[in-house]
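One structure is given below, encoded as structure tokens.
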Amino acid sequence: MSLLMISENVKLAREYALLGNYDSAMVYYQGVLDQMNKYLYSVKDTYLQQKWQQVWQEINVEAKHVKDIMKTLESFKLDSTPLKAAQHDLPASEGEVWSMPVPVERRPSPGPRKRQSSQYSDPKSHGNRPSTTVRVHRSSAQNVHNDRGKAVRCREKKEQNKGREEKNKSPAAVTEPETNKFDSTGYDKDLVEALERDIISQNPNVRWDDIADLVEAKKLLKEAVVLPMWMPEFFKGIRRPWKGVLMVGPPGTGKTLLAKAVATECKTTFFNVSSSTLTSKYRGESEKLVRLLFEMARFYSPATIFIDEIDSICSRRGTSEEHEASRRVKAELLVQMDGVGGTSENDDPSKMVMVLAATNFPWDIDEALRRRLEKRIYIPLPSAKGREELLRISLRELELADDVDLASIAENMEGYSGADITNVCRDASLMAMRRRIEGLTPEEIRNLSKEEMHMPTTMEDFEMALKKVSKSVSAADIERYEKWIFEFGSC
């Protein structure tokens, strides 16, 4: 706790008190007194303790003065209420109201007018004066009754609205099943809400059939996530499910797509986490986020935590460029992952939490994290058969010309990643549109019909697209990945 914060809060409290904002001043005074109490526990020197106690007493006296001012102001407000209370306490019977002339006696007319009226006015005018008092009483009584009537009407309207809301809510409460809510006691509400936003509740709608090739990777993910829920009695002891899977490979090979398929097909709670989710500018908050993430995953188990680009969160420790804050986050992540297995000999495998990670830089990952990610699989570039299958998946919504040969196109795409093949298909599908609108004005383009725009994609379009789109992964990169997976892989 900084002394600068205490001094700033004292300044703010005094400024609010001078400006007449006593409620805010009391809040700051109370906060300062609490902060000073905490600070006094940390002070070991007796002389300093005495000094701080004197300061505390002085500020406490100031706070009491502000309290007294607030009480005085409240008493002014309360002094005006008896009149209103007396008005509301008037009986409902009109005969009793007329028999109370006390308010009129408190408001006499000025002296000179009294003399004039007593000297020059006739007795009829004196006889008329009680009628004015009656009018005053009648008007005041009518106001009281009107106020009461309005209050009763407002209450009735509120009750009717509440009843309607309950009726509207009741069908939803019956139809929607009750879902367990994570108990956020002890954690910041904003942190819990931020992590709950990262839970993919809506299906990404990516099926296993939407992913071409990668048979081994799909088989491993099904074994790690799906089978333990189908056969919980089998996956116990030494057969416990894998608690960590690392997908390694060049960019654009389908690592994130596999994670989306896991979220769609495996029916587990899926946390999509990135480095921005687990980092904070406040000291110690990043570690809390990591711990909270795994506690929420255990609560919503069976769960899968997908950490994309994990090298940005848990790179190698002990380097000169490493910051203390990032080191603490890595330590907390490693501790939570080691205790996140949830599938020891006596635990239920259907309540597991699995960490699914993806990276393009496996050589930068810390050794301890590499040990915790028990299965390390290589996601390679698609084979010739995989490229042809990927072409069919990408072009299934397009109309193709009769001369299109997908097998020959796949052969010409050797070394292309899955993302590169998708880009080629997208570029080829736009070729016919480009030819059709060439030389036309914007008005003519707007007047084109849908039939004129949807023309079949030809083999020539693919050849032109292949000339424009080059592969994004070099042979040297592939060799580096294969060397790492040969040394550290666990398929």
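Each residue, glycine too, has its Cβ placed from N, Cα and C.
What Swiss-Prot records for 1-29 is region 'Interaction with KATNB1'. Sequence-distant contacts of the region 'Interaction with KATNB1' (1-29) (same chain, six or more residues past either end, CB-CB distance under 8 Å): 35-36, 38-39, 42, 59, 62-63, 66-67, 69-70, 73.
The phosphoserine annotation in Swiss-Prot covers S42 (among others) and rests on experimental evidence.
Feature annotation from Swiss-Prot assigns region 'Disordered' to 87-185.
Residues or ranges marked as phosphoserine by Swiss-Prot on the basis of experimental evidence: S109 (among others).
The feature phosphothreonine is assigned by Swiss-Prot to T133.
Feature annotation from Swiss-Prot assigns compositional bias 'Basic and acidic residues' to 145-169.
Residues or ranges marked as phosphoserine in Swiss-Prot (evidence: a large-scale study or a structure entry): S170 (among others).
Within its own chain, P251 (ATP binding site) has N360, S417, A419, S472, V473 as residues 6 or more apart in sequence whose C-beta sits under 8 angstroms from its own. What Swiss-Prot lists as ATP binding site is G249, P250, P251, G252, T253, G254, K255, T256.
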Between G254 (ATP binding site) and S42 (phosphoserine), what is the CA-CA distance rounded to a whole number of Å?
55
Cβ neighbour count within 10 Å, max among the binding-site residues P250, G254, goes to G254
Express the distance between the Cα positions of G252 (ATP binding site) and S42 (phosphoserine) as a whole number of Å.
55
Report the mean pLDDT of the predicted model across the region 'Interaction with KATNB1' (1-29), rounded to a whole number.
84
Hey, how far is P250 (ATP binding site) from S42 (phosphoserine), Cα to Cα, in Å?
54
